């Protein structure tokens, strides 16, 4: 498109525009006339560009340039002439082919630089001369380190170096006195420098998916933190006390090797999300969790918990409670769980439950309920009081029947009851008018209720691996629509007891 674009850029239509938007236009080459533009914003992302012409340096008014998602492998030194440039986006290109020009350091007004996803293994030290830089994204590259001189970027507010191969962070980061967000997740870090605790304005610290063996004891001095992500650092056995982090809203200590939760957790009254999943050495929750009254999400998946403390009933704002893959029995789930009246998602799968607590009937806000892969023998009648439920999964249990009250779940959309021992279904299930998917496979059903013929909204009805005679197997093999139509068509005769599965099969074959 180079030739046509050249003439267009010469025209008044583009030349005097403040914003030149050429995104997603399959452009593979920029003409020299690009330098004649008087725009403040030049948007060229999602094209097929390989090079940037040297005339780019003539854009005397440009403040924003977006070259993201091209195939650019070379930045001309003339880019250093763009004295007015404030934001430069070069993510998702191929800049590893040629070293990035050191002239990039001449961009004294640059506040935002994005070099992410370029397979870079080196960066020019001259970036440290971009003294106005507030946002620097060098994530998703192949960096083992970055220049120590980056510590001179005193105005930096956001630094993203995630998805690289960093083995350490330099102590020079203490110069980032204005830093608010630091993301160094998905690297090879074993330790953090103590100087990280000097970043007094830091609100978000993400060091997840590393190889951290130890954390600075002074972590609790970072009182501005609102989001602390330590997840998936398998060697980490100890998290220092966090009692001073009174503004913390999100804490993830997932997949560590801790045997107890950090001291002072109960003092973090602003916490909204607490992720403690996949800590198999952790066997109990401290009772002071009761003070976390603002908590909305509590993830305890994959621990060795045998008891839920009564104090969990104080978490009245909780919306999601994940207790999957623990060792809970019905005797160790307190009745106080019924106080969680704002709970929208309750997950109890992969435990040792033989029954469900009847107190779940109090959870009127519940939308999603899972208790699959337990040893449940019955569903409490009270389940029918959860009229707002949209998804239920009780697969992989020992259920032999479904209570008639199940038909009251008028908002239910997905119902998974596979791999049980259900031999009969209640006729009230025609009340599941909102249901789009029902899985009853791998049970002991011989007949489906005729009322299923009224569930016209069903797109998936799986009744495979049941000894069904009504409907007959040839109908079942044809799928959901055929099953629903067959039940509807034969309902009248079937209710009179004049229809057998074999007889209908023969009628359909004629």
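Glycine residues also receive a Cβ, built from the backbone N, Cα and C atoms like all the rest.
Going by Swiss-Prot, these are the annotated features:
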REPEAT    14-34  repeat 'LRR 1'
REPEAT    84-106  repeat 'LRR 4'
REPEAT    107-130  repeat 'LRR 5'
REPEAT    132-152  repeat 'LRR 6'
REPEAT    177-200  repeat 'LRR 8'
REPEAT    224-245  repeat 'LRR 10'
REPEAT    246-270  repeat 'LRR 11'
REPEAT    293-315  repeat 'LRR 13'
REPEAT    341-363  repeat 'LRR 15'
REPEAT    365-386  repeat 'LRR 16'
REPEAT    387-408  repeat 'LRR 17'
REPEAT    433-458  repeat 'LRR 19'
Mind checking which residues reach the repeat 'LRR 8' (177-200)? Cβ under 8 Å, same chain, six or more beyond either end.
134, 139, 154-171, 206-216, 218-219, 221-224, 229, 235
Using DSSP, tally how many residues of the repeat 'LRR 19' (433-458) sit in helix, strand and coil.
5 helix, 4 strand, 17 coil
Across the repeat 'LRR 1' (14-34), DSSP yields 5 helix, 3 strand, 13 coil
Could you tell me what the rest of the chain brings near the repeat 'LRR 17' (387-408), counting residues at least six beyond its ends with Cβ under 8 Å?
349, 364-381, 414-432, 434, 439
Tally of helix, strand and coil residues over the repeat 'LRR 6' (132-152) according to DSSP?
5 helix, 3 strand, 13 coil
